[in-house]
Amino acid sequence: MSGDEMIFDPTMSKKKKKKKKPFMLDEEGDAQTEETQPSETKEVEPEPTEEKDVDADEEDSRKKDASDDLDDLNFFNQKKKKKKTKKIFDIDEAEEAIKDVKIESDAQEPAEPEDDLDIMLGNKKKKKKNVKFPEEDEILEKDEALEDEDSKKDDGISFSSQTAWAGSERDYTYEELLNRVFNIMREKNPDMVAGEKRKFVMKPPQVVRVGTKKTSFVNFTDICKLLHRQPKHLLAFLLAELGTSGSIDGNNQLVIKGRFQQKQIENVLRRYIKEYVTCHTCRSPDTILQKDTRLYFLQCETCHSRCSVASIKTGFQAVTGKRAQLRAKAN
């Protein structure tokens, strides 16, 4: 830089900073900027009223711009939801309306409400009918009439002792023979007609332990007499069912090898009575056991039925030794 330019000139006046004025409009509507305004070197003090008017105009313009922006946004969005006005419920008005309704209903009621109520209730609830039971005389009369009708019908079936085909040459039917059989059974067994069945009563077996490995059946002979069976037959059945061996001693007591309780011997005796004592037809204990050509037959003394009975089979016996096996095969 040259020396002339660097010299300080005291006569030069200092430049004053210009105040920034806001955007203003003229009366004609033309925008007035800083360039249009005359540049003044001197400070001009604006009046306070003019500044206030300018500030108010600025605020109004800002509010308008904000409202325009909000309108644009609302155009894209849905319309603003209107708040629903809440209706206030008035208790006094409701009570008056209820009173009016009651007065109208009372005025509409008929003069005779009881008859209508009876009609309505009669449809819904059915009255119970009084059931009258017939008297004994009427029942007896009906029974007699039915008996007369049955007697008129000639079925050829009679429950008397005389046979229906006695005075005629016709053949008897199956039903007539069946009725005759039942009549004979009723005559010979009056207990069965009354509905009472004879119970077979037997003494319980008396079992005593003999030593450590034997059992004694004390009243064995007494039970054989009650059952009307031979001791040999009952002994063979007991030994076969228990799977052991035994014999009768001098006191007529059965001595069995092994330990047995009273319940076990009772179960064996029940099976023997069911198979070899009671009749398979009428369940009567009055029977006789007969042997005919290696078969046993059970004959009943009440119904005179006769049926075969299974023979007593011993249990499985293991054969030991080679010679015993050869003998068993040879036999």
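Any Cβ shown, glycine's included, is placed from N, Cα and C.
According to Swiss-Prot, the protein carries these features:
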MOD_RES   S2  N-acetylserine
COMPBIAS  13-22  compositional bias 'Basic residues'
MOD_RES   T36  phosphothreonine
COMPBIAS  40-51  compositional bias 'Basic and acidic residues'
CROSSLNK  K102  SUMO2 cross-link
COMPBIAS  106-118  compositional bias 'Acidic residues'
ZN_FING   279-303  zinc finger
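With DSSP states grouped into helix (H, G, I), strand (E, B) and coil, the zinc finger (279-303) comes out at 0 helix, 12 strand, 13 coil. Mean per-residue pLDDT, taken over the zinc finger (279-303), amounts to 87.
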